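Peer 1: Summarising the annotation, TrEMBL assigns coiled coil to 421-508. The annotation repeat 'WD' is assigned in TrEMBL to 575-606, 616-648, 657-691, 739-773, 821-853, 862-894, 903-935, 944-976, 985-1020, 1029-1070, 1071-1103, 1112-1153 (among others).
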Amino acid sequence: MTDYSYQIGGTLKLDDPCYVKRQADSQLYKSLLAGKFCYVLNSRQMGKSSLRIRTTEKLKKEGVACADIDLQEIGANVTQAEWYGSIIDTLINRFRLEEKFDLETWWDANSPMSPVWLLSKFIGEVLLECIRQPLVIFIDEIDYVLSLSFSVDDFFGLIRYFYNKRADNAAYDRLAFALFGVATPGDLIKDTGRTPFNIGTAIELNGFEFEEALILAEGFKGKIENPEQVLKEILFWTGGQPFLTQKLCKLCLVELESKNYINVSKLVESKIIDNWEAQDEPMHLRTIRDRLLRNEKTAGRILGIYQQILTNFNSSFKNVTADSSDEQKKLRLSGLVVKKNGSLLVYNPIYAAVFNQDWINKKLDKLRPYSEAIKAWLDANYDSSWLLRGKALEEALAWKTGKSLSVDDDQFLTASQELEKREVERDLAAQKQANQILAEAKLRADEEIRAAKEQLAKLDRETKAKITKAKQQLEEARDEQAKAQQMADRARSELAKAEQTRKTALLATRLEQAGANALRQFEFRQIEALVLAMEAALELKKLVKNHLSLPEYPAISPVCSLLIILANLHEHNQLEGHQGIVTSVSYSPDGKTIASGSEDGKILLWRKNGTLLTTLSGHTGEVNSVVFSPDGKIIASGSLDHTVRLWKRDGSWLTTLMGHGGKVNSVVFSPDGKIIASGSEDGTVKLWELDGTLITTFTEHRWGISSLGFSPKGEILASGGWEGTVTLWKLDGSLRATLIGHHREISSVAFSPTGEAIASGSFDNTVKLWKLDGTLINTFTGHSGEVTCVVFSPDGQNIASGSFDSTVKLWQLDGTLINTFTGHSGWVTSLAYSPNGKIIASASEDKTIKLWKCNSTMITTLKGHSSWVESVAYSPDGKMIASGSIDSNIKLWQPNGKVIAILKGYNALVSSVVFSPDGKIIASGSDDGHVLLWNTNGNLKKTLVGHLSWVSSVSFSADGKIIASGSEDGTILLWQQDGTLITTLKGHQGSIRSLAFTPQSCFKSTLVSGSEDGTVKLWQSDGTLITTLTGHRGGVNSVVFSPNGNVIASGSYDRTVKLWKKNDGSLITTLTGHGGIVTSVAFSPDGQMIASGSVDRTVKLWKPDGTEITTLTGHSDRVTCVAFSPSGEAIASSSWDGTVILWSLNLDDLLEKGSVALKDYFMTRHSLVVG
């Protein structure tokens, strides 16, 4: 049968050969013919509409008058009177009573009555009188009543009234109702006591059985030898679910056009399960997903039940027994599970593969505020160290209120409460023990006083000589009492100290965990991670009373996590308000307003700080595209309802452009704002005037249009289509060029600001950059999912792309990846740059808009060099920073990032910079073998000439009188400040990489040198070699003395830092952890920390015992130099990325920066008080 076809979605035609008759066909037909009230309440895409159409036709042939009412057509934004009036009007239309009955006159005459009474009167006195044959009223989309703003219990009460009226009025025997929808009876009726849903017959609409579905095998006959076996395999995978069965049949039929065999399993994997969200057209699996997750209060419990069912589906565990709970009803209505033999089972293997354990865990993690903790608890086999305590437990219990959670969640929270209860009981027991010690001490004291008094009474009866002795004994007893009291006081004090120490230790442990947890979350929840780090840092601040250095803090990770997060923070804000997938986002030309469109049919306008301005309602389907006019006064939107709407910026509606035959996917304004272009699923592009006049229609595309873009001058329109090509049009409709190169659908097109290039994004996971003549400039690869959107930065230097992999990527035009922004929990649907190019807005399937800063600005970064920065140094007073670069410049900066001066004019590459101890002179080494001495005002004071090659390191002695310089020529030269050469030090077998003098605290000045030959050498100031330290397995790049001069740190090509004793040269310890060559080491001023920089692009902080404190990430290329500020509260690091980063270690400063970063985020949320 060559003309046989299968239909995916929608209602089947009456003569469609692929319609499958089920038991419900016969049951519904016979019940309605017998005058019974019926209802078919089931999940979506089970064939309810096709069943209704077929039953209607069969009833009509038996002389039954039929009418259908689609409640979705009436809508939800109506009054009670409008709703009932629309039902009556529909019945008049369906039963062709327009000429017999004037609704408007009749309604006005009876308007004082209630709307439900008017419907009752119409059916009883008009409909049953005008039509004398049996009547059946089909009401479809009955669940739409849940969206109404008023109760419809009276409506269901009226249907019950019609049923009961049969007892005293035979005319009502001719009237029957059939309700169709996705709901439970309990959902539909609120007041079950007054109007119980206990009338009518429930029609069970089950999936296809093999014998019923044999008609579907007809499509395979003549194409394959075993069509019925293929059908059995299809039904195995779909479980007989009608929509999936038709879809899989059609996929098999398409596959058989080019082959004479079929592998159903592989076809299911490749065409349905893999990348299912992208391939789910028409929507089916996403509909199930949205129904599971749409109510946050019950989603956790529903997912928990489903997780248990899925576990049983994949194992031999006992099945989950079906019950009448609301959660089980909602789970069954989603279509995901089915009731069989009193148990709930996953409907089919496709659902089990799509909505698998990984999917469940990700969604549960997104719902829970304590997802990291419960995951670790479960993975660690219920290890109590991961249970919640204190404030974290209080917040979790507050979040739980009003929600129905999974079994794991309930067990986790219960175990957390029980643990906290045990800890409180333990604290009370300790207090009780202390009180017991005090009581025993007092009892002993009282006993001794009593004995002394008895002795005194006895001595009173004896001689006066003995009285003195008795008094003495009394005094001794009192002394004993005082001593006992002192012992009790000490015991009480020690107990209090021990208790405080215990509490501090517990709090410190919790804060360490909180800081580490914040850093773990930062990878996928930047703002939430910053909030966690801020909360932990604020608690830490309460513990840090005195001026302590970082290693002395009771907990370090909150400070380090906050610093790292601020250094790498790009997420600026989150806009939440849509009830469906956010499909489009756009900035106004002045940058003050953001517009977003959504699957919920709404357009929301936001201030740039994230607060909601207004809501635009009017579309009857999802909004696919929103855009501002060039003057910012008009907003255009395209929708699933086939229309384009124009709005004023205040939210008022202007006009509607109608003409497309499919959903509108893209709308754009011409640069002069006079023309609107719209692209549609119907394969056409239309140009409109602002008053709605259609100018012309382009019809070159064979499939749907996904994206449009005008050139900056407005003379060219680019369109992207589902067939995988980009088409360039002149505005008269003539074709200018076709860009061919993508392998799948085009999702997005964008012109560069100059109009010289076009970027296109595709479902083949790539972004391509083209010239206007169709020449391919570049292909950007890196996304692991389909690319959904591309946009140029306002300056045209960068391209941003969004993808099904849930990321936003920022690219240079040569294809270099600049950054990847992660944080969305669903695919990215749309991107927009702010007019100043500093912010990117991203819309997502996760129902949010995120605002990203293109450059992280919370940590001070010194930018200005045009090439690698090789060296950085603080002035002794900390008010100035010097940086030396391969661009031949030395820049002097204030700590706030402002440039003070640029030392230039000497055409040589700068490799090293250092301040003199008094801060008045800067010495620099360069590639021409010279050492330059500068004043801090930028004037060159002296040039020291003597080396034969690149000077890699310079250092001042503690008194500033001697300058040491090390060179690639393998020598060290010692100079006076006036340029006089003192002596030459020789002994290394390779180039000199680093030099350092002992600090001022040392009695005798010593010089240490590190060389490419892998050794560290110590020298007297007169040039005499003291000793050589060996142990590194590669060249030594950096050496430095500790502040007290007793320890030497050295960093090497072997990726390690070694600490040595100065007095005997013995190795103290080796610090390992870097993933690349160690380029620089530095001690903090108090000697409590060591910083190291590496080719691995990181800066690491260490304790002197070798314990790693943290790793600072932020540079995009190798770190060349690290330096502590004189106060020890900041670290400067220079890099080949051309920048110097100033890492603040000051807790108050970091908290202030964090508050600034969260200002807009907290504008519509809770506040975080610093201080």
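Cβ atoms here come from the backbone N, Cα and C positions, even for glycine.
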Peer 1: Reported in the order helix, strand, coil, what are the DSSP residue counts of the repeat 'WD' (1112-1153)?
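Peer 2: Secondary-structure composition of the repeat 'WD' (1112-1153): 7 helix, 20 strand, 15 coil.
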Peer 1: Is it the case that the repeat 'WD' (821-853) and the repeat 'WD' (575-606) have 3 or more CB pairs under 8 Å, with pairs at least 6 apart in sequence?
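Peer 2: Judged by the Cβ rule, the two regions touch, with the required three close pairs present.
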Peer 1: Summarise the model confidence on the repeat 'WD' (903-935) as a single mean pLDDT, whole number.
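Peer 2: For the repeat 'WD' (903-935), the model's average pLDDT rounds to 91.
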Peer 1: Which residues, given as numbers and ranges, are at least 6 beyond the ends of the repeat 'WD' (739-773) yet have a Cβ under 8 Å from it?
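Peer 2: Sequence-remote neighbours of the repeat 'WD' (739-773) are 278, 706-713, 716, 718-728, 779-781, 783-792, 794-796, 799, 801-803, 811, 813.
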Peer 1: Give residue numbers and ranges for long-range contacts of the repeat 'WD' (862-894): same chain, 6 or more residues beyond its ends, CB-CB under 8 A.
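Peer 2: Sequence-distant neighbours of the repeat 'WD' (862-894): 900-904, 906-915, 917-919, 922, 924, 934, 936, 938, 1117, 1120-1127, 1132-1136, 1138-1142.
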Peer 1: Could you give me three numbers for the repeat 'WD' (821-853), the DSSP helix, strand and coil residue counts?
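Peer 2: In the repeat 'WD' (821-853), the DSSP-based counts are 0 helix, 20 strand, 13 coil.
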Peer 1: Which residues of the same chain, at least 6 past either end of the repeat 'WD' (1071-1103), have a Cβ under 8 Å from a Cβ in it?
Peer 2: 549-552, 560, 1034, 1037-1044, 1047, 1049-1053, 1055-1059, 1109-1113, 1115-1124, 1126-1128, 1131, 1133, 1135, 1143
Peer 1: Taking DSSP states H, G and I as helix and E and B as strand, how many residues of the repeat 'WD' (616-648) are helix, strand and coil?
Peer 2: 0 helix, 19 strand, 14 coil
Peer 1: For the repeat 'WD' (985-1020), give the DSSP counts of helix residues, strand residues and coil residues.
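Peer 2: Secondary-structure composition of the repeat 'WD' (985-1020): 0 helix, 18 strand, 18 coil.
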